[in-house]
Structure formats: structure tokens, C-alpha cells
Amino acid sequence: MDMLEMALNIAKDIEKSVKPLIGWEKSNEVVKIGADGTPTKRIDLIAENVAINSIEKVCSAILISEEIGFKRIGKNKPEYVIVLDPVDGTYNSLKDIPFYSAAVAIGRIDKFADNLEELINNLKMKDLEVGVVRNIATGDTYYAEKGKGAHFLRKGEKKSISISNSSNLKDSSIGLFAHDISIDTLKFIKDRRFRRIRLFGSIALEMCYVAKGALDAFINVNETTRLCDIAAGYVIIKEAGGIVTDKNGQEVNLDLDVNSKVSVICSNEMLHKKLVGIFGNRWRIKPTNFGIISRIDNEESIEVADNVIKYLDSKGIKYELDSSTYNALKNRLTKKCDIISNIEEISHMISIGGDGTVLRASKMIEGNEIPMVCINMGTVGFLTEFNKDEIFSAIDSIICGSYKVEKRTKLMGFAKLSDGKQHILNDSLNEVVITTKNPAKMMHFEVYIDGSLVEDVRADGIIVSTPNGSTAYSLSSGGPIIEPTVEGFVIVPICPFKLSSRPLVVNANSEIKIKLLKKSTYVVIDGNTEFEAKKGDEIILRKSESNAYFVKGDNFYNKLKKLSLM
């Protein structure tokens with residue numbers, strides 16, 4: 001019996017066994033915890049046992065199923081590996097909602113190992129050659145065989161199917177997995193960036209709807225989609241001309257392990273790029289062109305920058321230098337090198353130095369969505385994610401697309417001057433500091449949050465810091481350490497007159513107003529003096545419309561530990 005016929009028969013046998021159970025009160029009983037860690041209902045166990053009996057009649061195989069985990073079926077050498085979800089959409093079946101399915105995927109075992117784990121470890125989802133999904137309630141069947149296209153079967157009538165050609169999200173119908181829904185998904189729904197959303201409750205069938213063009217895409221951006229949920233649908237969508245990746249655009253190719261989980265975006269090529277851009281690491285699908293900025297007053301940093309250039313040359317990867325780095329390196333360069341002229345053409349910015357170099361890079365990026373690869377040449381370097389020994393592995397991870405990007409909040413604002421004019425402030429990655437022009441001279445402020453007066457402050461100055469900057473000047477002034485991805489800001493008086501004037505953490509959506517009641521001050525943004533403010537001026541700060549993006553490296557809490565040891 002060939003693999004397709006076997007898969008079709010397994011699905012039919014499951015349908016015959018499950019249909020009579022609909023409405024039976026014992027179908028809903030939890031009989032055990034399945035191999036995947038979720039409760040197994042009686043209906044699931046019966047369906048799985050029927051599938052095992054169906055397989056035993058025709059072949060020896062390795063079965064991978066949510067309920068049983070791994071099982072070797074038959075006494076002979078296994079010929080096939082079968083990935084099974086006996087009832088996908090168990091809740092729907094128990095409530096007689098006609099949207100639940102049996103999903104079967106089969107691959108051939110060419111090499112046999114006596115050790116079952118060794119055998120399975122050598123197999124991936126790409127090795128599956130046949131996928132069958134049968135709607136148990138209606139009998140509608142979707143199937144595909146590698147290299148032979150995808151098909152839909154209803155009441156004996158067979159049709160070829162293919163994905164939609166929709167290219168505009170606003171015109172698209174999206175299938176969505178809503179369990180443990182993410183903030184990004186909620187925002188996607190709230191912003192109505194699509195025509196319609198559908199939540200059906202059977203991932204296998206929803207993937208088949210994408211394969212036949214009834215849905216334009218299916219997404220689950222949480223890392224919760226299991227092998228057995230998607231194995232059959234994966235084969236069918238691929239044969240229908242679709243793309244199946246994780247949320248970052250990396251092709252899904254799970255180990256054949258019942259506990260394997262992944263995020264999923266299924267669609268056509270045109271929509272896929274847009275969905276990855278919304279939910280994942282959009283930079284993985286952008287051509288790589290590094291920008292390089294280095295500390296130029298440190299010979300070791302210049303040497304590392306030179307080695308980075310040589311490494312990129314050896315890989316054939318494009319790069320451009322900022323002008324000061326170019327001038328520091330021009331006598332060492334062995335080939336023509338471009339100076340950054342259009343920041344939008346840069347995909348990733350490599351910063352070599354300390355936190356000051358990162359701040360220079362952030363200012364240069366000017367709000368564009370360009371991830372920074374930050375190499376620490378100093379001590380702790382809270383803004384730097386990699387040490388100098390990790391630079392080449394960091395570059396390699398970006399080239400091959402296996403990296404994560406962390407989004408961080410910035411500050412934006414303006415000064416409302418006493419003469420009625422406005423002065424727009426540059427965005428701040430770390431902090432805005434309002435400080436006295438003359439050392440040891442006390443200043444007088446009023447601090448407002450969302451229009452309400454919070455405190456009257458006498459101090460040497462005041463810091464408004466992002467979480468990113470909470471480990472810098474703010475920390476030295478007695479402010480709290482805030483994890484970089486937290487959505488908030490901290491207001492820290494510098495050497496306050498009153499002991500009751502303490503740091504204040506506020507929501508990132510708050511508007512912060514600082515009114516100067518006495519003396520002229522300097523407004524300093526990320527270490528650079530922005531302008532001189534006078535008595536009566538108001539500094540208005542809020543969350544920036546743009547964010548900073550960092551390629552993830554060292555764990556934030558590891559850096560805290562290093563700080564405690566200094």
C-alpha cells in the first residue's frame with residue numbers, strides 16, 4: 001500500500017470511530033496526560049487507538065502522536081514514520097461544532113537504527129512526503145503528495161487546489177490562533193490591518209483553507225504550535241505553492257519530536273513578507289548591508305573595526321563606514337570603501353566601543369528601524385550586547401538569519417519657551433538631563449504627569465531616563481534599575497534638597513512636563529548639550545514615535561552580576 005492510500009485510510013477509520021462518539025458524555029473525560037503534556041480526552045484516545053490498529057494491518061512504522069508520544073508499531077523493520085493528530089479541534093468535536101479533523105503525515109524511513117531515539121533524531125519535518133487532513137464532521141478531505149500538488153476531495157469529486165494570490169493585507173482574510181494571544185497580535189487586530197479575521201479552532205484545517213485559497217494566511221506568532229498540529233498541513237500548503245515559516249521568516253523544519261513547538265506564518269510569498277515585517281524579525285528578509293561606527297580615540301577599537309572589515313570582505317558582505325571611522329581607518333584599508341550617505345540603505349549598524357559609541361550610532365540612525373550590533377570595548381557596557389571575542393559569531397548569526405532583535409523605548413519632546421516659541425528636542429535613547437549652568441547651584445522645578453502637578457523639586461538638576469538609561473546617570477543619582485524592555489520612564493532628582501524627593505517611575509504613555517521656576521539651565525540629551533533653557537520654560541517629554549533596536553547578545557541580568565563584582 002502506498003503512503004497516500006495509507007494516510008487516507010487512517011483518516012477515514014478515525015472518522016468512522018469518532019462520529020458515533022459526538023454527544024456521548026464520556027467522550028469529554030480526561031483519561032490521562034498526553035505525551036505533549038496536555039490532557040487527553042477519551043475521544044482522543046479512542047481515535048488514536050483506531051489509527052494504531054489501522055497502521056498495524058498494513059505495515060510496520062514509527063508513530064508520533066500527541067497522546068502516545070513515540071510508538072513502534074509492528075514486529076518488522078519500520079518502513080515509515082507517521083505523524084498523527086487523531087482529533088485536531090477536540091473542543092469543537094465535543095461541542096458538535098463541525099470543524100475538527102484527523103491529520104496524518106507520512107515519510108519513508110530509508111535508514112534504520114536499532115535505537116529509536118537515534119532514528120527519530122535523524123528525521124525532520126521536511127522528510128514527510130504525504131499529508132492528509134480530513135474534516136471528520138463533513139468528510140471533506142485535503143491531501144498532498146510531495147511533487148504531485150495538493151488536492152481537495154468532496155463526495156468523490158477531486159480538485160487541484162492552490163494558495164490565493166492576494167498581495168494586499170487590507171483585502172486579506174487571516175486565520176488566527178488565539179490561545180495566549182500576543183501583544184503584537186492584539187495590536188494587529190486593533191489596527192484592522194486586514195479585511196477579516198477567522199478563528200476556527202483546528203490548525204490543520206485552517207492550514208488547508210490557506211492551501212485552497214479560502215484564507216489568505218494563517219498565523220500563530222506564539223511558540224506554541226506543535227509538530228502534530230501542523231505536519232500534515234505543512235505538506236499540503238507546500239504542495240499548494242505556499243510558504244510555511246516561523247514568525248521571523250525562518251523556514252519551519254521541526255524535529256520529529258512530539259514536544260517540538262514553533263511560531264507559524266502560512267501564506268503566499270507576497271503576504272508573507274508583510275506578515276514577517278509585522279510580527280517577526282523583518283530584517284532577516286532585507287539584503288544585508290552593515291554600517292560600521294567605531295570609537296576612534298582607542299587603538300584597540302580601531303583594530304577591531306579593521307578586523308571586522310576584513311572579515312566582511314572575506315564573506316563578500318557589503319558594508320559602509322561612518323565618516324569618522326573611515327578617516328581613522330583610511331590608511332589601513334586595502335580596497336575602496338563607501339562612507340554612509342543614506343542611512344536607509346543600512347540593514348544593521350555595528351557599533352564598536354562603549355555606551356558612548358552606541359549613543360552616537362543611535363543618533364546617526366535617526367529613528368530608522370536599523371538594529372544595532374553593539375561590541376563592548378570598555379568595562380560593563382550596558383548598551384553593548386557582545387564582547388570583542390563574539391563579534392564574528394554575531395556577524396555570522398546575522399548573515400544566516402539566526403538571531404533575535406530587542407525593541408527599546410526612546411524619549412521625544414520639545415521645549416515650550418516663555419516667549420511662546422517651541423524648540424524640538426532630539427530623541428533620547430538614554431536620558432534627558434536638566435542641569436544647572438553653575439556647579440553647586442540649586443534649581444527649582446515643578447514636575448507634572450499628564451497635566452497633574454506631582455512635586456515641587458529643589459535640586460541640582462533632574463533626570464528623565466528611559467529603561468535603557470536606567471543603568472547610566474540615573475543609577476548613579478539613586479534611580480532604580482529597570483529591565484530594558486519595560487514600557488516606562490524614571491524621573492530622578494539630582495541631589496535633592498528634600499529627603500522626600502525620591503525617584504518616580506511612570507508609565508511610558510505618560511506625558512512628563514518639567515517647568516523651570518528659577519535660573520537658566522542646560523538641557524542635555526544622551527550626554528550632548530541640546531540648548532539653554534530659561535526661567536519659565538517648560539520641557540515636555542513623552543514616548544518617542546520611533547524605537548531603538550538591538551541584536552540580542554548577553555543577558556541583561558548577567559551584566560548586572562558583572563556590575564556587582566566591579
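Yeah, the Cβs are placed from backbone N, Cα and C, and that goes for glycine too.
Since this is a predicted model, take the numbers as computed values, not measurements.
What Swiss-Prot records for D355 is active site, proton acceptor. All chains included, 25 other C-beta atoms sit within 10 angstroms of the C-beta of D355 (active site, proton acceptor).
Sequence-distant contacts of D85 (Mg(2+) 1 binding site), defined by Cβ-Cβ distance under 8 angstroms and a gap of at least six in the same chain, are S65, E66, S101, A102, A103, A204, C228, D229, A231, A232. A strand conformation is recorded for D85 (Mg(2+) 1 binding site) in the three-state DSSP classification. Taken from Swiss-Prot, the feature Mg(2+) 1 binding site covers E66, D85, V87, and the record attributes it to similarity to another entry.
Take the CB of D88 (Mg(2+) 2 binding site) and look out to 10 A: across all protein chains shown you find 30 other CB atoms. Residues or ranges marked as Mg(2+) 2 binding site in Swiss-Prot (evidence: similarity to another entry): D85, D88, D229.
DSSP assigns Y473 (NAD(+) binding site) to a helix. Taking all protein chains in view, 21 other C-beta atoms sit within 10 angstroms of the C-beta of Y473 (NAD(+) binding site). Residues or ranges marked as NAD(+) binding site in Swiss-Prot: 355-356, R360, 430-431, K441, R458, D460, 471-476, N528.
Sequence annotations record features per position, and here Swiss-Prot assigns region 'NADP phosphatase' to 1-283 based on similarity to another entry.
What Swiss-Prot records for 275-566 is region 'NAD kinase', and it gives similarity to another entry as the kind of evidence.
Shown in sequence order, I481 are the residues of the chain, 6+ apart in sequence, with a C-beta less than 8 angstroms from the C-beta of L475 (NAD(+) binding site). Reduced to three states, the DSSP call for D355 (active site, proton acceptor) is helix.
The average pLDDT the prediction assigns to the region 'NAD kinase' (275-566) is 89. Of all the Cβ atoms in the protein chains shown, 28 others lie within 10 Å of the Cβ of V87 (Mg(2+) 1 binding site).
Under the DSSP three-state reduction, E66 (Mg(2+) 1 binding site) is assigned to coil, being neither helix nor strand.
Take the mean position of the Cβ atoms of E66, D85, V87, the recorded Mg(2+) 1 site; other residues of that chain with a Cβ within 8 Å of it are D44, A47, E48, S65, E67, L84, P86, D88, T90, A102, A103, C228, D229.
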